[in-house]
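Student: Pulled the feature table from TrEMBL, pasting it below:
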- Gly76, Val79, Asn83, Asn341, Leu470, Ser474: Na(+) binding site (BINDING)
- 70-88: transmembrane segment (TRANSMEM)
- 100-121: transmembrane segment (TRANSMEM)
- 142-169: transmembrane segment (TRANSMEM)
- 226-247: transmembrane segment (TRANSMEM)
- 259-282: transmembrane segment (TRANSMEM)
- 302-323: transmembrane segment (TRANSMEM)
- 335-356: transmembrane segment (TRANSMEM)
- 458-483: transmembrane segment (TRANSMEM)
- 495-513: transmembrane segment (TRANSMEM)
- 533-550: transmembrane segment (TRANSMEM)
- 571-594: transmembrane segment (TRANSMEM)
- 614-639: transmembrane segment (TRANSMEM)
Amino acid sequence: MPKNSKVVKRELDDEVIESVKDLLSNEDSADDAFKKSELIVDVQEEKDIDVEEESEVEDERPAWNSKLQYILAQVGFSVGLGNVWRFPYLCQKNGGGAYLLPYLILLLVIGIPLFFLELSVGQRIRRGSIGVWNYISPKLGGIGFASCVVCFFVALYYNVIIGWSLFYFSQSFQQPLPWDQCPLVKNASHTFVEPECEKSSATTYYWYREALNISSSISESGGLNWKMTVCLLAAWVVVCLAMIKGIQSSGKIMYFSSLFPYVVLICFLIRALLLNGSVDGIRHMFTPKLEMMLEPKVWREAATQVFFALGLGFGGVIAFSSYNKRDNNCHFDAILVSFINFFTSVLATLVVFAVLGFKANVISEKCIAENSKVIIKLLKMGDISRDIIPHHINLSAVTAEDYHLVYDIIQKVKEEEFSALHLNSCQTEDELNKAVQGTGLAFIAFTEAMTHFPASPFWSVMFFLMLVNLGLGSMFGTIEGIITPVVDTFKVRKEILTVICCFLAFCIGLIFVQRSGNYFVTMFDDYSATLPLLIVVILENIAVSFVYGIDKFMEDLKDMLGFAPNRYYYYMWKYISPLMLLSLLIASVVNMGLSPPGYNAWIEDKASEEFLSYPTWGLVVCILLMVLAILPVPAVFIIRHCNLIDNSSGNLASVTYKRGRVLKEPVNLEGDDASLIHGKISSEMSSPNFGKNIYRKQSGSPTLDTAPNGRYGIGYLMADMPDMPESDL
């Protein structure tokens, strides 16, 4: 039984009224604030109750300080690292500009309707993910617990990426940047370049050897990397301090963490557009390959990106919206946040390929200079006749166009012998076609490009500070997806739970800061979220459309919003979205089955990546991650369906009311929709009744039972606080 559910002793203070009957009979007619309150009581049975002294507890649900703060929180949660290093990669890989059309179509079919659905249920029921799905059907209460488990898994490795960004941020205050040049090794006789770095590149070497100090396989732990351990601790301390007061603390931080990335992206775009080759990168990015739109793989990857870009299934969207006022226009919010997310992805893509275009141009110029020297050498040796070189071309200071002309001439003349000359074409397109995503884009490709920027330390500081802010915005929503439902369900103190959650996550997260930690990040990223989240969202859609009833839900929306949502959503939720999600789930399972489970390991001797299969224990961990994430769904269903937990508690409640404020929660929480054990069956539960009917008790008993909606009867509106958001007790 929740600790806040004890009964308050009747006091002689005439301001305190314990009985509902007394409460109504002593209503002050001159109290305007009281008249604005609502009382919903459903009398079923009366029993004697025990009394305890000094147990007054005021439970008021916090609220956003402003609509802007709420929108920034949702934007910060949905806009994350994937917008910067996943979307540009998918856009390049799947047809350039042509990829935007499938993405927009699927955003309208899957993204916005499901995002609107999560916003609506959170705002309507005013609970976290556990309470929401318990309310709709206690047998489906495991959906909320599954969301919490997935959030925890994702938070474990997502904060490691923030730790990596913090490390690079701390190393950026140097001129030149520490990854600008390969380190030199000295021995007794001479000095030479580090062989591992010479075989790869300066930025690649710095990432794998200096930052991660990575081992050669997942089975080779190599001990903790103390630098990354400190950075991970710093990341969790920042998250804990920001979240310790819930939205009261994290909401204020959102102003910076959500807006700063846009400032950096715009600055990067302006700066990149002034660099040579940036336009080539953007042109390459958005040159449409329309034939690729016919490939099913493109649509599957676009659907997956839409799904994860909006943070569906994590519970963060529901948690944030549960702190809204009941009449908030969440339909507008859903469309606004979805298109801000899309705009951010396109903006990030422009920035990434403008910078990569500049980088490709620099590499191309370096390649041309080196190969021009080779051609001059071949001319001197007589391997190539001077007669074939146009007279206007000066190989000592050749332009890109002239070099490509000479290259084509030599290739035609020396058809069979050309390969022996070891000349490169030095095309910028070849460099741009090298698809990079994830950590490879942020910590290798982008860092290399920034070494060629004027004032490179400044841009490096800005870039990694942007990554930290993008990561923190998503982390706040992820942690809120854990904290809010647990606090709502088990009535624990938010501060204590936040500290415990962050400390536990840091301790478990130490496996990601071993020398082999990067491989565990890959494992968790591939297996802990994708399939479980798809299943969670499918069940959410089914729970609202078929268990709760789509017609009833549409009526609830009309009552809540003040207008009827477009009929488009009715057909999306009932037919199109479930079919699309099931198709995506099947395609993901098939793709996972066809792709051998493994990871790219960094081989020190070869100074390159090599694909390795997971060992047997690694495969077991991969399977356990998926099973543990989705296990709460069948577990709770079986417990509720078979009545495996005895529910013999009474169905009583007592309320203390002082100057229009609820001071005490009900006793014996049978029927509480946020309770895992004491939950009504779905047929006994109705939608939240926000009507203006007041049900008065007929007897003089000081007890109060549950309201028709399964909640306890006083107070979606606080009497002496008309501006306070509805408190769902």
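Each residue, glycine too, has its Cβ placed from N, Cα and C.
Note that TrEMBL annotation is computational and uncurated.
Small disclaimer: the values here were computed from a predicted structure and weren't measured.
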Student: Any contact between the transmembrane segment (614-639) and the transmembrane segment (100-121), i.e. 3 or more CB pairs below 8 Å with pairs at least 6 residues apart?
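Tutor: They are not in contact.
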Student: State the residues, same chain only, that lie 6 or more residues beyond the ends of the transmembrane segment (302-323) and have a CB under 8 A from a CB inside it; answer 'none' if no residue qualifies.
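Tutor: For the transmembrane segment (302-323), the nonlocal Cβ contacts are 61-64, 70, 73-74, 77-78, 80, 82-83, 86-87, 90, 94, 99, 102-103, 106-107, 110-111, 114-115, 118-123, 125-129, 132, 144, 147-148, 150-151, 154, 247, 330, 333, 337-338, 341, 345, 474, 477-478, 480-485, 529-530, 533-534, 536-537, 540, 580, 584, 588, 725.
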Student: When you check the transmembrane segment (142-169) against the transmembrane segment (533-550), do you get at least 3 Cβ pairs under 8 Å, counting only pairs 6 or more apart in sequence?
Tutor: yes
Student: Quick check: do the transmembrane segment (226-247) and the transmembrane segment (571-594) share at least 3 Cβ pairs under 8 Å, counting only pairs 6+ apart in sequence?
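Tutor: By the criterion, they do not touch.
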Student: Rank 70-88, 259-282, 495-513, 533-550, 571-594 by Cβ pairs under 8 Å to the transmembrane segment (335-356) and hand me the top one.
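Tutor: Answer, by Cβ pair count: 259-282.
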Student: What stretch, picked from 70-88, 100-121, 495-513, has the most CB pairs under 8 A with the transmembrane segment (571-594)?
Tutor: 100-121
Student: Against which stretches of its own chain does the transmembrane segment (100-121) lie, if we need a Cβ under 8 Å and a gap of at least six residues from its ends?
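Tutor: The answer is 91, 94, 132, 136, 293, 298-299, 302-303, 305-307, 309-310, 312, 317-318, 321, 330-331, 333-335, 337-338, 342, 346, 537, 540-541, 544, 553, 556-557, 560, 565, 569, 572-573, 576-577, 580-581, 584.
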Student: Under 8 Å for C-beta pairs, could you tell me which stretch among 70-88, 458-483, 495-513 has the largest tally with the transmembrane segment (259-282)?
Tutor: 458-483
Student: For the binding-site residues listed here (Val79, Leu470), tell me which residue's CB has the most neighbouring CB atoms inside 10 Å.
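Tutor: That would be Leu470, with the most Cβ atoms nearby.
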Student: Determine, for the Na(+) site, the additional residues of the same chain whose CB lies within 8 Å of the mean position of the CB atoms of Gly76, Val79, Asn83, Asn341, Leu470, Ser474; present them in sequence order.
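Tutor: Near the Na(+) site, the remaining chain residues are Val75, Phe77, Ser78, Gly80, Leu81, Gly82, Ser258, Pro261, Thr344, Gly473.
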Student: What parts of the chain pack near the transmembrane segment (458-483), using Cβ distances under 8 Å and only residues at least 6 beyond its ends?
Tutor: 73-81, 83-84, 128-129, 147-148, 151-152, 154-155, 158-159, 161-162, 165-166, 168-169, 172-173, 177, 238-239, 242-243, 246-247, 250, 253-254, 256-258, 260-261, 264-265, 267-268, 271, 311, 314-320, 442, 446-447, 450, 494, 497-498, 501-502
Student: By a 10 A CB contact count over all chains shown, which of the binding-site residues listed here is most packed: Asn83, Asn341, Ser474?
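Tutor: Going through Asn83, Asn341, Ser474 one by one, the largest Cβ count within 10 Å is at Ser474.
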